[in-house]
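Data first, discussion second: the structure below is written as structure tokens.
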Amino acid sequence: MEEANQSMASEFIFRGLCDSRLLQTFLLLPFSMFYLMTVVGNLFVVLLFITDPHLHSPMYFLLANLSFVDFCLSSVTTPKLTTDFLKDNKTISFGGCMTQIFGVHFFAGGEMVLLVTMAYDRYVAICKPLHYSSIMDRQKCIWLVLISWTIGFVHAMSQLAMILDLPFCGSRIVDSFFCDIPLVIKLACMDTHTLGMLINADSGILATTCFILLLMSYTYILLTVRLNSKDGASKALSTCTSHITVVLLFFGPCIFIYLWPLNITWMDKFLAVFYTVITPLLNPAIYTLRNKDIRNAIKRLINQHMDSQNNF
């Protein structure tokens, strides 16, 4: 009996995004393109920061880290989702499932804290411009990024520790395209109501704290610039719109999944796709299209490439 339970616990089965084989075949190409553009876009931002001395400032250091986190977050779920479009039996090993849970919470938790760090950077730059270089020095930036990675790691480990030893002896079907904790704990053969509340509280405290800090930061920035400048509102919006857009795109789906669950299957799947596939794709586009320095860096990179080609 013990061996049978162990064999049943060896894997989970995904239902995927839909049941239609035709629709899955149709979705294969767009999702493959989404992931390719996510990888290219985010790694391009990282490469641009490394190679262009004009971007060696705290804001772009944080942006490069955000792009790397987005690349990692998307890579936890999207490759598996894409290959599963070709399969009738969408299985994942128990270890693979736990790895997905850890990866999603590690990178998503780290991104939440990193977004708060970026808001702090903008607060110092706009509200205390004369002290910016002394407050946001290189060492502090590195420490802030390390703190975001550390908090993400601790958050992921706390989530994993609560479910790793759960007994799974019944259904193995996860009604999604990746192992998400609210869906996985439903499959445990025990009462998980209290555990679910603890897990949601763990995620909720981190998400709510970060979201409140972000709201306070950007509200204070907008009010400060409005009071000190004739065109304060428009300038503040121009400076912070990209950051605010990214915050809303990331936190919106997370709030509905973990803090205010809708319990509507298709909506949960849509929101999960949004924050694991779409948001990591949109972030580099939002920053590069709205940021003059990055557009100029891209032009310099293209010109350097053309000059090297002509010299060759």
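Glycine is treated like the rest: Cβ placed from N, Cα and C.
According to TrEMBL, the feature domain 'G-protein coupled receptors family 1 profile' maps to 41-287.
What TrEMBL records for 27-50 (among others) is transmembrane segment.
Feature annotation from TrEMBL assigns transmembrane segment to 98-120 (among others).
The annotation transmembrane segment is assigned in TrEMBL to 141-164 (among others). For the transmembrane segment (141-164), the list of distant contacts is 58, 61-62, 65, 98, 101-103, 105-114, 117, 120, 181, 184-185, 188, 195, 198-199, 202-203, 206: same-chain residues at least six beyond its ends, Cβ to Cβ under 8 Å.
Per TrEMBL, transmembrane segment is recorded for 205-225 (among others).
Marked as transmembrane segment by TrEMBL: 237-260 (among others).
TrEMBL lists 272-290 (among others) with the feature transmembrane segment.
Count of Cβ pairs under 8 Å against the transmembrane segment (27-50): among 98-120, 205-225, 272-290, the largest is for 272-290.
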